[in-house]
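Engineer: Grabbed the feature section from TrEMBL, which reads as follows:
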- 39-245: domain 'Neurotransmitter-gated ion-channel ligand-binding' (DOMAIN)
- 252-371: domain 'Neurotransmitter-gated ion-channel transmembrane' (DOMAIN)
- 398-428: domain 'Neurotransmitter-gated ion-channel transmembrane' (DOMAIN)
- 1-35: signal peptide (SIGNAL)
- 246-270: transmembrane segment (TRANSMEM)
- 277-299: transmembrane segment (TRANSMEM)
- 311-334: transmembrane segment (TRANSMEM)
- 412-436: transmembrane segment (TRANSMEM)
Amino acid sequence: MSRSVSLSPLPLSLPLLPLWFVLSVLPLPAPTVATKDMDRLYADLLFAYNRLARPVPSHDDMVTVKMRLRLSQLIDVEWTDYQLAWDPAEYGNTTRLYVPSENIWLPDIVLYNNSADGNYEITINNTKAELSPSGRVSWRPPAIYKSYCQIDVEYFPFDEQNCIMKFGSWTYDDNNLDLRHAAHTNESELDSVVPYGVDLHDYYLSVEWDLMQVPAHRHKVYYNSCCKESRYIDISFNITMRRKTVFYTVNLIIPCVGISCLTILVFYLPSDSGEKVTLCISILLSLTVFFLLLAEIIPPTSLAVPLLGKYLLFTMVLVTLSVGCTICVLNIGYRSPSTHRLSSRARRVLLEWLPPLLLIRRPQRASPEPPLHELCEVESEAQAELEGAGVELPPLTVESDWRYVAMVLDRLFMWLFTVACTCGTCGILLQAPLLYDHTTPIDRIKSRVARANLSSMGDEDWQNREE
């Protein structure tokens, strides 16, 4: 009979019939039993709940709050609220309930050493807390804290900073609230240091800092300024960070070393070149620009001079001395017999002893000259004897001697500044302790994000590391 039915007269309306039939036969979705149980549970728990009262049966009882910090804008806080416990069998085996955090009691955990533009308390807007049948409350609010720490710039940019974030209750002392780290499971462990106090599993690596240590310490402190009789518990997270130096090495250190090497090349120019002073002044201006960049990068402090600042100061002193030496060389190179006379002792030192030591050889004349000029070819000792005997040398010979003295001094200064530049660069930059510290940062080991990135790059060594 199904074959006798013709579908051609109703090409548009017939396909809608099965859909209409299904919609008319199927019942409308009714509220599930689980939803009713959760609504009833929510109403029973929060009907007469006072979120301003501390969740303890007796006033003398203490609330234990466990805290853990994550460097992913999350804070884990856990405690037990006896008023929020229930029997799962009475509520359709409901074992988990999420309630707005502003409707329940919350520990007033604040950051003690907060900066001026940060938040002391944890933000509770649009956050929910997770409840378990035993009354266990788990609260993981997102938070961005801005803390202050004393910056040590002595070895900048090869520096390591130590910052402490101190969390604790602002109102309740140790008789009312027992603040513990989440890793402390036994009473005997409360005074021990948690080596990995910060959870780094979801931490994204910083482009400027490496995390070296993140221990957590629990303290009980008397504050004599306000509360001498009570002790307040706090958990201090000690975060040790090491600066990544690739950026500063490429953009600051290497250019500074190159500029200091230009100071040596000043003395390689001809001794009578007037551009020597111009090059020295240009180097001095370049160092001034680097000083301005350094002042913008590091925090203003007068406690210590940064390592890079010491090197820039050393280079500026070196360039300033090179300007003075260049002016002296130019002055000597342009002396004439009418104004200056080269003594026999200076002639012996500058024309005989120093040139062989500095690998300088004075060129000899290729062809003999008339008798008057043959006198210019006499050795330095003979010239000194002639001058001592009252025989005056031709002006051309004296001027060439002064130019040769200027060339010898140029070569002497070049070697002296080479040694000074090399020793100063190594002595200043190599005194940073972190240059010899090859400790692997813990964020590369503990962070799952970092391990995933390193595994994708095929680094087998990181794949074999354990958390």
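The count begins at 1 with the first shown residue.
Any Cβ shown, glycine's included, is placed from N, Cα and C.
Please treat TrEMBL annotations as automatic predictions, because they have not gone through curation.
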Engineer: State the residues, same chain only, that lie 6 or more residues beyond the ends of the transmembrane segment (412-436) and have a CB under 8 A from a CB inside it; answer 'none' if no residue qualifies.
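Structural biologist: Non-local partners: 155, 158-160, 242, 253, 257, 260-261, 263-264, 267-268, 307, 310-311, 314-315, 318, 321-322, 325, 329, 354, 358.
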Engineer: What are the helix, strand and coil residue counts for the domain 'Neurotransmitter-gated ion-channel transmembrane' (398-428) according to DSSP?
Structural biologist: 31 helix, 0 strand, 0 coil
Engineer: Same chain only, please: residues at least 6 beyond the ends of the transmembrane segment (277-299) with a C-beta under 8 Å from a C-beta of the stretch. Say none if there are none.
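Structural biologist: Distal contacts: 151, 153, 156, 252, 255-256, 259, 262-263, 265-266, 269, 306, 308-309, 312, 315-316, 319-320, 322-323, 326-327, 330.
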Engineer: For the domain 'Neurotransmitter-gated ion-channel ligand-binding' (39-245), what is the mean per-residue pLDDT, to the nearest integer?
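Structural biologist: Mean per-residue confidence for the domain 'Neurotransmitter-gated ion-channel ligand-binding' (39-245): 86 out of 100.
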Engineer: For a three-state summary based on DSSP, what are the helix, strand and coil counts in the domain 'Neurotransmitter-gated ion-channel transmembrane' (252-371)?
Structural biologist: 80 helix, 0 strand, 40 coil
